[in-house]
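Below is one structure, written out as structure tokens; comments come after it.
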């Protein structure tokens, strides 16, 4: 193990990275709060500012993937599709099998210049999570309770508000609703059988309400749907904790573009289109498992320096006073002050670990275990 690889495994560095992320995030959240006064005066200026503030936070996580772990991301697509990326509003459909699938999605958003303006349909519980939920609130992210009867009006209103968004926007949609587990897959396939749908081997049955509503509300704004099927070489199952330890992975993404006019306007037909899409995604995943490669021409969009420069900026601003404070604490010789500081460090490490835990599959929601048995 080289020196750099060894340093990446050290807890103290992880704690410093976590410190920079959390404190910069709180500063960014405060600035976002201050920008609320702009909403009634100039809504589009408010949105542009918050795109950049959100970028300053989320790009720190992308930096970990691109520069810390040096994970490689390869797209399999055609040249015409690649030429359009980042140059139009789009709905992005991703599979939800891995702990860092969201991070791979964000990496592609970053490389095509839409990370700050990317959107998701998020569970409402995340609204209470510091940094993550708070930043999303100011970004006009659409939150839902996963109970369609209660969510319908909220989701429609949130999506329609995005119709005049001033920056190119990618709306990232996980149609399965929850991460893949064997238990959820078994229940999901029972529902598929009861509805006469073909079984899926590598995906859960997609939930169609969110998709059809997004297509209906964003029609006229969004130009296309991009389907992304993600896998990792060597049957790896990466985690955010692994990324933090500097482990390098190789992510492959099969990318297909569907012009929005090809999606049926009728809700039932659009739902059938989505089911057919997931059958194709399942076949693509099976092909990858057998051949180790997706069909299409491989592209490796170059990583940009901005994520690294942004992190170095925040690290310079925040770590210098931290080091001076720590030296002052130990120079004081006060046992009470030193013990208080060590207690704070322990609490901070626990908090960082809890934030990482949000991404872990085994600590994910139970949504999908029994809910698949209910009618959509």
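Count begins at 1; order follows the chain as displayed.
Placement of Cβ uses the backbone N, Cα and C atoms for every residue, glycine included.
The annotation transmembrane segment is assigned in TrEMBL to 12-39 (among others).
If you look up TrEMBL, you'll see 90-212 marked as domain 'Phospholipid/glycerol acyltransferase'.
Annotation source TrEMBL lists transmembrane segment at 308-330 (among others).
If you look up TrEMBL, you'll see 336-356 (among others) marked as transmembrane segment.
For the transmembrane segment (12-39), the residues of the chain that approach it from at least six positions outside its boundaries are 45-46, 49-50, 53-54, 56-57, 60-61, 64, 130-131, 134-135, 138, 244-245, 311, 314-315, 317-319, 322, 345, 348-349, 351-352, 355, judged by C-beta separation under 8 angstroms. Confidence for the domain 'Phospholipid/glycerol acyltransferase' (90-212), expressed as mean pLDDT, is 89.
The helix, strand and coil residue counts that DSSP assigns across the domain 'Phospholipid/glycerol acyltransferase' (90-212) are 58 helix, 17 strand, 48 coil.
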